[in-house]
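Some features that Swiss-Prot has for this protein:
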ACT_SITE  Lys95  active site, proton donor
BINDING   Asp40, 62-64, 93-102, Tyr229, Arg247  substrate binding site
Amino acid sequence: MSSKSQLTYSARASKHPNALVKKLFEVAEAKKTNVTVSADVTTTKELLDLADRLGPYIAVIKTHIDILSDFSEETITGLKALAEKHNFLIFEDRKFIDIGNTVQKQYHGGTLRISEWAHIINCSILPGEGIVEALAQTASAEDFPYGSERGLLILAEMTSKGSLATGQYTTSSVDYARKYKKFVMGFVSTRHLGEVQSEVSSPSEEEDFVVFTTGVNLSSKGDKLGQQYQTPESAVGRGADFIIAGRGIYAAPDPVEAAKQYQKEGWDAYLKRVGAQ
């Protein structure tokens, strides 16, 4: 595991060249949480209620905005207001996967207006390097109003059974991240990827990509559709900087208490990793 993973969030924030990553680490340190809650609900009311109730205990809220049956201006303004109120970032799990010209329009514009409210987005690199280049171009354009407040995670690995996001796909994900590091903040992956080397790229001394790991659940090992879970401790131990939990929190009998439990477990695992416990 990279030596950067052994550093505290505050230490990494102090030297990180990416302003959004710096802010993310500062949020985590201030709130003592590395939890991302995956709010897979289907109405604006449910989403905003969940964001308000869980906001104090999370660093990031992850949305699938296209599953909302009533997406509107209220969704955008409400979510942005709650992010400000509770000091968390918004991650739209759009998984962009198309040619560059199309994803630029999907990201900045369109019905969902994703660039307007989502600090973080993600993409698959199945279309090739062009998808990362296109999103990076959009974010660096002179007329893009959000500048360094936006960032991209590359979907380098998945936790579903039989996932094809392995091998050369994962290696190329790291290659593209290194090439477009001003916009790419890290990966959605099951482990730390900083030591990946290829004929195209190799790790640099200052490299510090953030790792988000999905499929974190304290009470289940999987579901009927092939999802494979791991605990906060095992995820952080493999290199996760931020753990993503969905049903384990929002479907719990008491989502607030569940969020607090994930917060504690995730934070304890982080302290153990950096040698502060």
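Placed from the backbone N, Cα and C atoms, the Cβ positions cover glycine too.
Counting other Cβ atoms within 10 Å of each Cβ, the lowest count among the binding-site residues Thr63, Asn101 belongs to Asn101. Using a 10 Å Cβ-Cβ cutoff, Ile99 (substrate binding site) registers 12 neighbours.
Non-local neighbourhood of Lys95 (active site, proton donor): Asn122, Cys123, Ser124, Leu155, each in the same chain, at least six residues away, with C-beta under 8 Å from its C-beta.
For Tyr229 (substrate binding site), the Cβ neighbour count at a 10 Å cut-off comes to 20, with all displayed protein chains included. Considering only the binding-site residues Asp40, Asp93, the Cβ with the fewest other Cβ atoms within 10 Å is that of Asp40.
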